[in-house]
Amino acid sequence: MTGRSDRADRAPTLAVAVLAFVQFVIVVDETTVSLLGPAVARDLGLGDEARQLLVTPFAAGFVCALPVAGVVLRRIDPRRALIPATAVFATSAAAGALADSAALLAATRVAQGASGAVTATCVLGALHMLTRGALGRRRAFAVFSLVSGSGAVAALVLAGPLATESWRWCFVAVAVAALAGAIGWAVVQPPRVVGQTHHASGPDRVADDTGHPVDRRIPTIVSFLAVVGANAVLAATVISVSFALQQDHSWSPMMAGLAFLPLNAAAAVGTIVIARSRTRGVIGRTLSAGVIVLVIGCTATAAVPSVPGALILALLPVGLGVGLVFPLVNDGSLATAGARPLGRAAMLGAAQQTGLASGALVAAAHSDAALGALAVVLAITTAITVIGARRR
């Protein structure tokens, strides 16, 4: 009897893995465009606007669909909505592979962005519902963050060979992978919500990985600020280093992707630390430490000489910080969402996109001073937040 209860209280590993895979596919679709611009331009007779044609419509569709998804789907169980949302996303990716004009390609990218936003919202909502009150929730969020977060680097490594054949194969691969994720979810999704722990009561009290009730000390607004800041640093540093390696040192996209593997390894270390953490009580210190490590990485990226080895090493603190921060803020943002998490999941997605867009703007400035300013802003925000938390 106890064994069955323990199994019910633990987050289902396969279900979490499938959710992480679906999010991974969305990230790959969003970031693969860095490889496709030149090929699309040649095939459709476009110029430099090819990159904007791939990036801007997707981003516009994604951002515009997030609030709609949060409102329209707020009374729907995200676990049931995930399969149709993923199927629509796969269909829009397949349509992109068949596009024979710039207008049609732009339309399919808008559809990919919008359906990707709905799918990502359902993924986060389903993850929350699966692990709500369950033992190992923090570990599940750590695994999810590691797998899904590796999509940006994997896009450069995995899509490279496909892009050399045809840019259309990249969209086909996304469509097939998305369908595989939908089928996988249909197979592994639990028939009911994972058992709630009854040790804790109230929206801000949950059980830690040992089953003891703990108080959350990371307010939701702090989690959202950390989401914006962490994504901004990640985007700004990775884009800056990617451009430096490819433009200044003539590295291929695939070589640049391989150069980011140490960053992924550092992120894995951070997520393992979170996953293995069984500390009861306050977790705000870990979040603060992760943000400080991100500040160090952002500062190092701005300060080191523009040589490949130094740039790659400078990204290690960024990876470690991301590994520490992402699982905690994703969990913290959804922890008080209750049984209807889609609205909160949409807000989390909006915060992520805001951070990524801000980081892209910093990288576009092509200035070490801009990276340094981002680090200063993040450090000041963290200091104010920590001081405010101690005064409560």
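Along the chain as shown, residues are numbered 1 onward.
The backbone N, Cα and C atoms fix where each Cβ goes, and this holds for glycine too.
Per TrEMBL, domain 'Major facilitator superfamily (MFS) profile' is recorded for 15-392.
The transmembrane segment annotation in TrEMBL covers 12-33 (among others).
Taken from TrEMBL, the feature transmembrane segment covers 53-73 (among others).
Within the chain carrying the transmembrane segment (85-107), a Cβ under 8 angstroms from the stretch's Cβ atoms is held by residues 22, 26, 29, 40, 44, 46, 53-54, 57, 115-116, 118-119, 122, 168-169, 171-172, 174-176, 178-179, 181-182, 185, all 6 or more beyond its ends. Residues annotated as transmembrane segment in TrEMBL: 85-107 (among others).
Annotation comment: TrEMBL describes 113-130 (among others) as transmembrane segment.
Feature annotation from TrEMBL assigns transmembrane segment to 142-160 (among others).
A Cβ distance under 8 Å defines the sequence-distant neighbours of the transmembrane segment (166-188), meaning residues of its chain 6+ beyond its ends; these are 12, 14-15, 18-19, 21-22, 25, 28-29, 32, 35-36, 39-40, 43, 82-83, 86-87, 89-91, 93-94, 96-98, 119, 158-159. Sequence annotations record features per position, and here TrEMBL assigns transmembrane segment to 166-188 (among others).
Summarising the annotation, TrEMBL assigns transmembrane segment to 221-245 (among others). Same-chain residues lying 6+ beyond the ends of the transmembrane segment (221-245) with a Cβ under 8 Å from its Cβ atoms: 34, 152, 251, 255-256, 259-260, 263, 284, 287, 290-291, 294-295, 297-298, 301, 306, 308, 311-312, 314-315, 318, 321-322, 325-326, 328-330, 332-333, 347-348, 351-352, 354-360, 362-363, 366, 370-371, 374-375, 378, 381-382, 385, 389.
Residues or ranges marked as transmembrane segment in TrEMBL: 251-275 (among others).
Feature annotation from TrEMBL assigns transmembrane segment to 287-304 (among others).
Remote same-chain residues near the transmembrane segment (310-330) are listed as 124, 138, 141-142, 144-146, 149, 218, 223-224, 226-227, 230, 233-234, 237-238, 241, 244-245, 259-260, 262-275, 283, 286-287, 289-294, 296-298, 300-301, 303-304, 348 (criterion: CB distance under 8 Å, separation of at least six residues from the stretch ends). What TrEMBL lists as transmembrane segment is 310-330 (among others).
Residues annotated as transmembrane segment in TrEMBL: 342-363 (among others). Here the transmembrane segment (342-363) has long-range neighbours at 59, 62-63, 66-67, 69-71, 73-74, 76, 78, 81, 117, 120-125, 128, 224, 227-237, 239-240, 243, 330, 333-334, 336, 370-371, 373-374, meaning same-chain residues at least 6 beyond its ends whose C-beta is under 8 angstroms from one of its own.
Under the heading transmembrane segment, TrEMBL lists 369-389 (among others).
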